[in-house]
Amino acid sequence: MSALMNTYARANIDIVRGEGCWLYDQDGRDYLDLAAGVAVNTLGHGDPRLVQALKTQADILWHASNLYRLPAQEALATKLTDATFADRVFFANSGAEAVEAAIKTARRWQGAKGRPERYRVLTFGNAFHGRTLATISATDQMKVREGFTPLYDAFDTTPFNDIEGAARAITPQTAAILVEPIQGEGGLTPATPGFLAGLRALCDQHDLLLILDEVQTGIGRTGHLFAHELYGVRPDIIAVAKGLGGGFPIGACLATEDAASGMTPGSHGSTYGGNPLACAVASAVLDAVLAPGFLETVRERAALVDALLERLLRRHSDLFVRAQGHGLMRGLQVRASARDVVAHLRDFGVMTVAAGADVVRLLPPLTISELEIAEAEARLLRAAEAWLPIAA
């Protein structure tokens, strides 16, 4: 029996090795990885640039403390601010921690402005922001809230993509609006074209901060460095993680100078956040993603995946309903349990991940090749053709 806490319904396979877009189990069987560790393995498995960055840094310094300046941390922060709207960065170890830092930054900002009564954060139905007590308080998804009540009474939830509902939900106690540009766990549902712009306008009107949770959408996943670029909207704060480390744990809260003005010494901290190993690897990830032509290639690969999904929907409308999402962050709505379909696809050598009850996520490494996309289509078709007798 495993000594691990039973917090995951783990598949009965041991993944022992990864290379590029492929995973291998204990029996040597290969799996085309269209999950990428849930949008984490930006450059696939074992990318030599990341391996070298980690080895080089490991020979120099693993950990000191955030009580000192750390060159690897300063270098990564500068790369992030040079490439984005942000002026300041706080480093953490995960997406949930990055969102926590974003919430604290917004509340601290309101307090520094002399408005401590503004502490509530407006969030949206079917959102997912992490599994800490604060971040599960920020969602209405009962599957992550169950058993943890009473939760923090600091969030107000309104329907996603309903700008009029958001306007009505703002009160004199509202400090900020927290939203995913594309809901990840919520079924790969994108914000409608005017929704994020409408939220930006509401924040400007009511002197609130706009926080974007780009934990899953960031670092090139949509074909842009961050998904808010698709919408032409400038946030005040974003939470980043997953793809930033390419498989090495790191999170970050990025903010404008004004939004970060309340974060003074002692207001927040992290023992391991921004450690040299994580920052060295994340710097190598950013160098690759920001290299000329990389994001253009991601968009080209995304177009091939779109065409693949259209063919799949035409040939197997008995199983697949529709596709949604952007770039290499795609969701397939299915006429069955998403978890059952994910298990079935795994039997045919394709790794995917569920999003809610009836959506299967396709989140391949951004380095997936045209040949691998063709192989993905072949395996998905074989799996879909074999589904009928199972469902009958």
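Start at 1 and count along the chain as shown; that gives each residue its number.
Quick reminder: no glycine exception, Cβ is built from N, Cα and C everywhere.
Per Swiss-Prot, pyridoxal 5'-phosphate binding site is recorded for GLY95, ALA96, PHE128, ASP213, GLU214, VAL215, GLN216, THR271, and the stated evidence type is sequence analysis. The feature N(2)-acetyl-L-ornithine binding site is assigned by Swiss-Prot to ARG131, SER270. Residues annotated as N6-(pyridoxal phosphate)lysine in Swiss-Prot, with sequence analysis given as evidence: LYS242.
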Where SER270 (N(2)-acetyl-L-ornithine binding site) falls in three-state DSSP terms: coil
Top Cα neighbour of GLU214 (pyridoxal 5'-phosphate binding site) in the set of recorded positions ARG131, LYS242, SER270: LYS242
Between ARG131 (N(2)-acetyl-L-ornithine binding site) and ALA96 (pyridoxal 5'-phosphate binding site): CA-CA distance (Å): 7
Residue pair VAL215 (pyridoxal 5'-phosphate binding site), the residue listed as 'N6-(pyridoxal phosphate)lysine' - Cα distance, angstrom, rounded: 6
Neighbouring recorded positions, C-alpha within 10 angstroms of GLN216 (pyridoxal 5'-phosphate binding site) - of ARG131, LYS242, SER270: LYS242
Rounded Cα-Cα span from GLY95 (pyridoxal 5'-phosphate binding site) to ARG131 (N(2)-acetyl-L-ornithine binding site), Å: 9
Distance [Cα-Cα, Å, rounded] between THR271 (pyridoxal 5'-phosphate binding site) and LYS242 (N6-(pyridoxal phosphate)lysine): 19
